[in-house]
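Chemist: Feature list, courtesy of Swiss-Prot:
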type	residues	note
DOMAIN	5-183	domain 'Guanylate kinase-like'
BINDING	ALA12, PRO13, SER14, GLY15, ALA16, GLY17, LYS18, THR19	ATP binding site
Amino acid sequence: MTPTGTLYTVSAPSGAGKTSLVSALIDTTSNIMVSVSHTTRAKRPGEQEGVNYHFVSHEQFATMVENNAFLEHAQVFTNFYGTSKQWVEDTLAKGIDVILEIDWQGAQQVRKLIPAAKSVFILPPSRECLRERLTGRGQDDESVIDARMAEAKSEISHYVEAQYLIVNDDFDTALTEFRSIVVANRLALEKQQDKHQSLLESLLS
């Protein structure tokens, strides 16, 4: 019998390295996928439909909300983002783990709907390092970086709501810790019982 997959919410302040860690974990670990969110924002250069996001209109998004199609959804400035409930449920049923890259508010919504979900929070090693990373992107001016630093403090204040905490100082160490969380959950009794049901029955017969 194939055990159901585990749902992970991964949250972090902007610049903590969440997306890079999730990408590296997906590339080096079998049977785990990252959920592709629906969004109303415009597609940026280099982004692909169904890879980075599912791009929809405000009207389409509103209809999906009315139809209860989202596991969680949120408004960020003038745009909306949401996680497809059906896709997550179907993927977990196949025994594949799913990662949701969402903020603390989204993680709260998910935990209410799926209490078995595991929450991971990623921290930068210091405020100075976080600012250096944001500055190093070369995407924003100082006023935007100041705003992101203020947002980071608010996001970090919710770390206590997570079950697992990773400090992304050394990337390889953080990745190993992240992978260890996934492996440990796969070795949990209820998962192993489902996976090795026939073996256990034969050993006890």
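Glycine too: its Cβ is placed from the backbone N, Cα and C atoms.
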Chemist: Among the binding-site residues listed here, SER14, THR19, whose Cβ has the fewest other Cβ atoms inside 10 Å?
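Modeler: Candidates: the binding-site residues SER14, THR19. Fewest Cβ atoms within 10 Å: THR19.
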Chemist: Using other CB atoms within 10 angstroms as the count, which residue among the binding-site residues PRO13, GLY17 scores least?
Modeler: GLY17
Chemist: Between the binding-site residues ALA16, LYS18, where is the Cβ count within 10 Å the lowest?
Modeler: LYS18
Chemist: Using the structure shown, find which entry in ALA12, GLY15 (the binding-site residues) has the sparsest Cβ neighbourhood within 10 Å.
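Modeler: Sparsest of the binding-site residues ALA12, GLY15 by Cβ contacts within 10 Å: GLY15.
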